[in-house]
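Trainee: I have a structure I would like to understand better, so I am pasting it below and will then ask my questions one at a time.
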Amino acid sequence: MARFPEAEARIFRKLVCMRCGATNPWGAKKCRKCGYKGLRPKAREPRGGGR
């Protein structure tokens, strides 16, 4: 995680489309690329193991 709140806000205050994976601004209601309304906040913790 980031060391200070400004950086954390800059990195994680984004929404990710669950259909195409595009990043969208925080207040978006639908995806800028495909128009899908299913947006999730960007994950704060890594999911994969990387192997």
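For all residues, glycine too, the Cβ spot is worked out from N, Cα and C.
Pulled from Swiss-Prot, these are the listed features:
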- Cys17, Cys20, Cys31, Cys34: Zn(2+) binding site (BINDING)
Trainee: Any idea what DSSP makes of Cys20 (Zn(2+) binding site), helix, strand or coil?
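Mentor: In three-state terms, Cys20 (Zn(2+) binding site) counts as coil.
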Trainee: Just to be sure I understand the packing, how many Cβ atoms besides its own are within 10 Å of the Cβ of Cys31 (Zn(2+) binding site)?
Mentor: 21
Trainee: Under 8 Å between C-beta atoms and at least six apart in sequence, can you list the same-chain neighbours of Cys34 (Zn(2+) binding site), or say none if there are none?
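Mentor: Spatial neighbours, sequence-distant, of Cys34 (Zn(2+) binding site): Cys17, Arg19, Cys20, Ala22.
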Trainee: Just name the winner among Cys17, Cys20 (the binding-site residues) by count of other CB atoms within 10 A of its CB.
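Mentor: Checking each of Cys17, Cys20, the winner is Cys17.
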